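Engineer: The structure is given below, and queries will be raised subsequently.
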Amino acid sequence: MERTFLAIKPDGVQRGLVGEIIRRFETKGFTLVGLKFLKVSKELAEQHYGVHRERPFFGSLVEFITSSPVVAMVWEGDGVVASARKIIGATNPLTSEPGTIRGDFGINIGRNLIHGSDAPETAQQEIALWFKDEELVNWQPHITPWLHE
């Protein structure tokens, strides 16, 4: 079963949107297998956003993600990476479709509420960076047979 990494960023936590964001993935039928509420260290932030190290916004990105707690999550389900990206919406909330998290709640590109893995390979790397194996729970909700063929 495919897994993805999602993180509700400091703006999503501060605005009280954690429950609403989690609800969207639960009602879609995905299974939550890992959840942490944490203050991100500078080291973790720099590792996570390492691909942007040479970009001019890298410093402000690290500063923002370490400014307040985040909710780190691992979700599981068929096609969860691509589906999560659709639920989240475009990176820039101003171009995100209504009905997406960013389209409904996002304010600007620097405060876009949530991070989601962009590919299955990236998801595996991000999950390994943020979670130890023993922090992930292998379980199946009773409704699973009603969601999958």
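A Cβ is built for glycine as well, from the same backbone N, Cα and C atoms used for every other residue.
What Swiss-Prot shows for this protein is this:
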- K9, F57, R85, T91, R102, N112: ATP binding site (BINDING)
- H115: active site, pros-phosphohistidine intermediate (ACT_SITE)
Engineer: Have a look at the recorded positions (K9, R85, R102, H115) and report the one with the fewest Cβ neighbours inside 10 Å.
Structural biologist: R85
Engineer: Kindly assign the residue listed as 'active site, pros-phosphohistidine intermediate' to one of the three DSSP-derived states: helix, strand or coil.
Structural biologist: strand
Engineer: At a 10 Å cut-off from the C-beta of N112 (ATP binding site), count the other C-beta atoms across all protein chains.
Structural biologist: 23
